[in-house]
C-alpha cells in the first residue's frame, strides 16, 4: 500500500511568542520558526513512513493529520466518500492554506489565502515532498496568518472547551471531575479534557490517551474499574458536542488501536482497558476536525523513532517541539547553570463563566485532609505525591543519555527507542510550572487535583469540582500524557543550523559531505543522522576536554573532536564567515572547560542519566529538587547505587528529592566531604554513614529524624551537622563524640527543656541554635558555668524568664519574640544583645559589658534606660524604641562610641538640657511628648546626619550656630506632625547640607524665599498639611530637587517646579489652584504629577496634551453625577507613593458603584518589590468577586473563593512572584435593600483594614506570619525551612499570601475574612499596605483621619505620615468615609444562636448588648439602644425642628404599667434604636393619645404649630407612619405573659391607622407602654413613645419618602399624589369605626390577661411642664458616657 502523504502540521504555539516566531520566519524567508513534523504510520503494517516538513503558513489549530483511507474526516455537510476510497490529497504547492480553505477554516482575507495557494511553485512542492525545508512565499503566507491567527486560535481553543453537556455530566455526582491533560501523543501540544472519577487511575487515563494517539481532539471519558456500565440515557451518552459522534470499539488483537467511524449521533461504546477498566470516548466533531486513519500510531509512541526538531534558522536558538522527545534528553549536562524546567509557557483560553446552579443543596464539607497525606503516591511514608515533599518524576529531562560508556556513540539513538518500547504509557503531574513527576499506575489524578485545591483553601467539594473544570488551573497543577517538554532545556541550545557535515578523517574518500542539522547545546555537539533531521539517531559529541580546529583546505570549515580513547571527529562547513567565527568562539569556550562540576538540579530526574558517567573525575554533583528515589521504578534505569563509581566526588547535593530512605550507596564514596540530603522524608540514618571518614558537612534538615546512630562518632572531621526542622525532643548524645562540630543547629524541632548538663558534656559546641522550638525553661542541674558557648539563639520560643548568667563567655544572645519579663546576662564578653518583642520590665547585665556594640531591646515594657548602658564604652547602636521610657540619661550622649540612638515611641518629655559634644550620627526621637529640643543639640552634635523628631509637640527649633558660619552636616531632617510656626524656618539655613526636609502637618503659613534660596543642596521637601499659600520662586535654586510634596495647603499659584531639571515627583493635590503655567518642554525626568483635589483648576487642551506625556498624571475627572440608585453612604479617597528605587509596587482598587450600584468594593495590593502582581490583582479581582457572588452569598465563602481563584488567574506570574492583598466589600441587606449594610474584609499578607467605630479603631484583618502560633505549626509540618530573618525558604515572611505558588503548601492564598454590620457609629475605614501599618499604629491612623473631613486629603495624610516616620517601601492607602443613618440600621433580631457574644474588649462598655452578623466569633459589637450609642441622629435635624415637630410632651409621671419584678422583660430580645427596650423606672416621654398630629392632642397646639388644612392630617413638614417593620407582633403571644393590662383610651379627636393591621390583628395586640426607655430623637424629629408604637412607626397623612438623611423625611411642600387624605364627609364615620375597634380590643385584653395586682389609675394627659431635675440626673448617671442626646 502506498504510504499516505503527510499533511502539514503545526503545534499549538504560545500566543505570547507567536509574533516573534512570525518575525523569525519572515527573516528566514518564510521557513517555519517552530516546526513539528507528524509521523505517518502505514495502514498495513509496513515499515515505510513518509514525512513532510510543515510549511510556515500552517495556522495553529487541530492537526489535520495524515490523509489516507477512511481516516480523513469530511467537512460538515459534505457528501460521504465511498468506502475504501482514498480522500484526495491536497496539492503540495498549495500548502496549508489550500487545505484549510477547502475545509472552510479561513473566514478572513480569502483573497490573500487564494494568492498564497496559487503562487506556490512546483519546485517548492517537490522540495517539501523530498523532506527538505520548504521555501514558500513569505509575503502571502505571513500576511494570511497574521490576519487569521487570532480567529483560528480562538476557534481551535473553543474546540477544547467543555460543553454544557460535559459539565452537567460532571456535576451529576460529586465523585466525578475533569482533569485537563496536555496530550503529547498529538503532533502538537493539545489540552484535552478528561472526564473521570475519583477512582480513575493514572494508568487508565494514560492507556486511553495512548489508544487515541493523535486522532481528533475531543473530550475523553474514563470511568475507571468495574464492569461495563449499563446503558445510560441518551443525554449522557450522546457525543459531547451534541450533534455528531462515533463509536469506539475495543482494540484488535494485533495491538494497534483502531477508530471505527460510526453514524452521526450514535452514542459512544464502552471501551475495555487493561486491568478491567472501562472508558468512554466522545471526540467532538468540528467543522475542521483532525484526520485519522485506522491503525496509525501516535507520535512518539512505542516503536516510533525519536525525533529532533528542525531549527528555526542556521544560527539562532530554536524551540523544541513538544510533540517529540526533547532534544535535550540526549544532551550532555555538564553546563555551569542548572537550567531547570521553568514556568509553563502555554497560555490557555479561560473558560466562560460557570453558570450558577440554583437550588443545589449545600454539600457537606469533606474532612480537612492532612497535609502529609493529601497527595500521597505509592512512595515511602511521609512522601508527598504531588512532588511537594516526595514522589517520582519523569526521566532525565535536562540531559538524557546519548550512549553509555560501553556503548558506541553511533548507537546512542536506539537507547531511547528501547526505553520507549519497554516503558508503559505514563501520566505526569506538574505543580506551579516547575518539575514534573511521573504518576504511579495506581495513583488517581482527580484525587490529586482535588487534594491540591483543598490545600489551597476551597471548602466545598462541589466548588472544587467546578474549579477543576477550568483549563486555567494548569498554572497551578497540570497533567501531561507523555513526558512534557522542558522549556529550560531549549534555553541551553546556543547555536544551531543546517550545514554540510562529514564524519571521520578527511583523507578517507568514503565519508562524503552531507547536509545535516547541527546543534550546540550545553557542552555537546549534536548532529542528526538523516536528512529530515527529526528521525533516526542523533549523534552526540562531548566537547569538554576536546578541541576545535580550523580546516584550511576547505572554506569556513571547522573540525570538532571529542576527548578520550574513542574520540570522534566531525567536519562542518559553514555557509558564511560570520557563522564560522560565531561557532569557533563559542565552541572554543566549551572545549576549554574541565569536567569537574555538574548541575542537574530541577530536571525532573527519577534516575541518573547515562551520560553523567562519561567522566569519572567529577568532584561536585548537584541533583537537588528532582524525583530521585532509592531504587528507580524503571528496570533499565540507573539508580543512586551508581554514584559510588565517582571515586573523586567531594560534594553531593541530593536535597529535596523523594528518597524516603537514606541512600546507602553514598556511604561507599570515600572522598565525599559534603553531603546534603535535606527534605527527603528521612526517618532514620543508617549506621553505615560512619564509613564516610572524610565527611565535613552533613545536612539532614527538613526530615522526620528523632535520633542519630552512634556510628556518627567515627566522623572525626565532621564540622557542621544540620539537624534543623526535624522531630528531635532533646540534644542527641552522639554529638558529645563529634568534637569537630562547633555549631548545634536544631532550629524548628520539638525541644521543650534545654538541659544545660548535656551542653556541658559538649565543650566543642560554640554556637547553639534552638530557635523556633517550644522551649519553656533552661534546666541547670549544677551551678557550674557553661563556658564554651559563645552564641546562643533562643528566638521564637516560649520562655518567660531567662537567666543567662550561667553562660559566662556569651558573646551574642538572641532571645527575640519570647515572653520574657526578666533577663539576666553575663557581660564579660557580650558583644550583641537582641531582646526585642518581649515583655521586659527588668534587664540586668553584669558586669558592665565593655565589648557590647549592638543592643536591641525595643518593643518591651522598660521604664528607664539601665545605668550600665551608659558605661558600656563600645556601644554603637542602641534601640530602645516602643517602650515606656520617660527620660534619657545625659551620660548616654557622652558615649564617644555611640553612633545610632533609636528612642522613638516612648514617653520622653524632654532631652537632656546641657549636652556636651556627642558623636551620635542618627537620632530618632519620634512619637514622644517633647516640647522643645535642647538649645545646644545641633551645635554640639556636629556629627549628626539624621534627626527624626516627628510626632512630638515642638514649637521651635534650636539654632545650628550662633554665627554665620556653621559646621552642621545634617542631611535628613524629619519634623512632621508638630506645632512648628514660621519662626523656625530661618533656622533651617544653618544646615546648608540638608538634602531631605519633612515639615508636613505643622502650622506654617509662609516659607520665605530668601531662606529657601540658601538650601541649595535640598533634594526632597515635604511641606504638606500646612497653610501655605505659595511656594517661593527661589526653589529654582535647588537644582538637585527631585521631589516636591505640598498637598493639603492653600496654594493658589502654581510654583516654579517645572523649571527644576532633576524633578521627578510633584504633588500639589488638595490645594486651591485655578490655573497652571507650563514651560514649552517638561522636565525630562518628571514621572509623577498629582493635581487632584483642586476643584477650581481648569486646564486648556494644550496643557492637557502636554501633561498627558507624564507617566503618572493625576487630575480630577469631571463629575458625571451619582449613579441612579447608589446610596450616599460612602465616599473614598486613595493615594499611592513610590518606594525603593522609585518603583511603585502597590496598587489600589476603588469601585464606588459595584454591581447593581448599591454595593462598593475597595482593595489595596502590595507586591513588596515586584510591580506585576499588584497590577494583575487590581485589574482582575473585582471581576472574580462579581462572579463568585453569583455562586454563593455567604461572606466568608465568596471572599475565600475569590482569593483562591485569583491565585489561578495570576498564571505564570504568580509562580515565582507574590503579593499581599486586602479587599473590602460593602453590600446591603439582600431582603431590605434600603436597610443595613454589611462590610466584609478579607486579607492575606500584611495589608490590613481598620474600621473606626465610635472614634476607636477596630481591626478587621490579621497578619499570618511566623509569630502566629497556628501558622508556625502548619509550616513546620510541611518541613519548610524558616531562615533567620523569619521568612519561608528565605522568600516571604507571610505564610498566607497570593502568588509564590512554588512555596506550596507552606504558603497558601486562603485569606482571613471578617464581616461586620455597619452602624451609625461607624465613621470610616482604612485600607493600607504593609508600609503604612509598619509605620503607623491603628490608633494613630484612626486619630489622624478623624480630623480630616475629606477622604482624599485623609489618605494623603496617612501616606505622608508613614514616609516621615521612616517608611521606605511603596505605600498605598484608601480611606472610605461612611454615613450610615439611623434609618438604615437595625439590630432588633437576635442571631440564630440566640445567645449574645461577649463584648469587644476596650471598645464598648460591658453592659452593652451586641449583635454579630453570621460571625459570632469575631467579637465585633453592634450597639443596642440601651447603650446610648445608638442615639446619634442625622445632622439634617435642627433644634428648632425638634422643638416644633415633636408631638409629645415630657412628663415626670411614672409609666402606666410596671414590669413584673419576678421576670425580666424580654430577657433574650435585642432592640435597635427604633425599638428600644424599656428600662424600668426610667425617664420617659408619653405620647398624646396616639394621634396623627399634636394639633389634635388634649394639650392643644404647640406654639410653633400651624392650624392643619382641612382633610389633611399632618404636623408640618414631617409625617408619622405606623408600620410594623420588625414583625414584632408575631411575638406578641410569647410576650403577653410578661405584660400587664393597660387600658387604652379612645380618642375622639385623632385617628390611628396601622399598616399591616386587620380587624383580628387589632383585637390581639397588646399594649407596650411598659416597654419603653429614654426618649430618642428620630430622623423625622419625633421622640420614641412609650406605647405599643414602640414596635411600629406611627401613621400619618403623608406617604413617607425615603431620603438619605432620614428614614421618613417628607417634603416641605406635600405632594398631593403622595398624601393620604380622608375626605371631610367621611371623617366622622372613620372615627366611629376606629373607636369601635379600640373598645373591642380592650375587652379582649381584659379577658385574656389576669388583672394586675395594683391596676394603674388612668392618668390625665399632663400639661407641658419642666422635667424634675433630680430624677433626670439620677437616670443619666446610669447611662453610658457616650449618651449625650439632648432632649
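Placement of Cβ uses the backbone N, Cα and C atoms for every residue, glycine included.
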Mn(2+) 2 binding, same site as 1166, 1369 - Swiss-Prot member from 1193, 1209, 1216, 1330: 1330
Annotated stretch (region 'Disordered', per Swiss-Prot) among the listed ranges 1258-1309, 1414-1465, 1466-1517: 1414-1465
PLDDT averaged over every residue in the repeat 'LRR 18' (1017-1038): 93
Distal contacts, the repeat 'LRR 16' (969-989) - CB-CB under 8 A, six or more residues away: 926, 938, 942-960, 995-1008, 1011, 1014-1015, 1022, 1360-1361, 1364-1366
Those residues of the chain, 6+ apart, with a Cβ under 8 Å from that of residue 1166 (Mn(2+) 2 binding site): 1145, 1146, 1174, 1219, 1220, 1221, 1245, 1246, 1247, 1329, 1330, 1331, 1370, 1372
Secondary structure at residue 1330 (Mn(2+) 2 binding site), reduced by DSSP to three states: helix
Cβ neighbours of residue 1330 (Mn(2+) 2 binding site) where a neighbour is any other Cβ within 10 Å: 25
For residue 1369 (Mn(2+) 2 binding site), nearby residues of its own chain (Cβ under 8 Å, 6 or more apart in sequence): 1139, 1140, 1145, 1168, 1329, 1330, 1331, 1334
Environment of 1166, 1330, 1369, the listed Mn(2+) 2 site - residues of the same chain whose CB lies within 8 A of the CB centroid: 1139, 1145, 1146, 1168, 1220, 1246, 1247, 1329, 1331, 1332, 1334, 1370, 1371
Secondary structure of residue 1369 (Mn(2+) 2 binding site) (DSSP, helix/strand/coil): coil
Helix, strand or coil at residue 1166 (Mn(2+) 2 binding site) [DSSP, three-state]: strand
Secondary structure tally of the repeat 'LRR 5' (694-715) (DSSP, helix then strand then coil): 5 helix, 3 strand, 14 coil
